[in-house]
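Noted in Swiss-Prot for the protein shown:
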| type | residues | note |
| --- | --- | --- |
| BINDING | G14, A15, G16, K17, S18, T19, R120, Q157 | ATP binding site |
| BINDING | S18 | Mg(2+) binding site |
| BINDING | D36, R60, G82, R140 | substrate binding site |
Amino acid sequence: MAEKRNIFLVGPMGAGKSTIGRQLAQQLNMDFIDSDAVIEERTGADISWIFDLEGEDGFRKREERIINELTQMQGIVLSTGGGAVLSKENRNYLSARGIVIYLETTVEKQFQRTQRDKKRPLLQDAENPRQVLEDLAKIRNPLYEEIADITLPTDEQNAKIMVNQIVDLIDNMNGLNGAL
């Protein structure tokens, strides 16, 4: 059997990276890793607290080290934080070490999905969260597109359908009947 390639999920907060990633990993019999969860586990603090204490720059440095480490593993489905693509190094690690799937969503759908989530540091204290999401999209969406091998809109699909689409697309990319 061919060596399994890593699958890296990128996209904005609320796109469904963690939900889809878990199901995708299960279907492909791969390990699922969420880079934000690894950062929280290693620091013993949640992302919001790290942002408060170290600022976004401090968090991004931690994130870069973790993504460098995780992308060197084999046979994983990795869900990245929405801002991981801001680092050129992260974009290089992701695009060189696996298949990058951009889970695309609209600002409106993001707003609906993140409205009650208190673990989104960039939205927590925002007077106008929708505007923050629009501003982030302007900066980040071109970076997601830059490194994506596959782009999939997530607004109208449920996770199971998305997972099946991803598996089919990867199979077609590889030309291997189901082997990653």
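Glycine residues also receive a Cβ, built from the backbone N, Cα and C atoms like all the rest.
The Cβ of G16 (ATP binding site) lies under 8 Å from the Cβ of L103, T105, R113, T154, A159, M162, each of these being in the same chain and 6 or more residues away along the sequence. Binding-site extent for substrate: residues D36, R60, G82, R140, maximum pairwise Cα distance 17 Å (rounded to the nearest whole number). Calculated from their C-alpha atoms, the gap between R140 (substrate binding site) and T19 (ATP binding site) amounts to 21 Å. Cβ neighbour count for Q157 (ATP binding site) (all protein chains, 10 Å cutoff from its Cβ): 15. Note on proximity: of the binding-site residues D36, R60, G82, the one nearest G14 (ATP binding site) is G82, by Cα distance. The distance from the Cα of G82 (substrate binding site) to the Cα of T19 (ATP binding site) comes to 14 Å. Sitting within 8 Å of the Cβ centre of D36, R60, G82, R140, and not among those site residues for substrate, are the Cβ atoms of M13, E63, T80, G81, G83, A84, V85, L86. Cβ environment of A15 (ATP binding site): G82, L103, E104, T105, Q110, T154 lie under 8 Å away, each six or more residues apart in the same chain.
Counting other CB atoms no more than 10 Å from each candidate's CB, the binding-site residues K17, R140 peak at K17.
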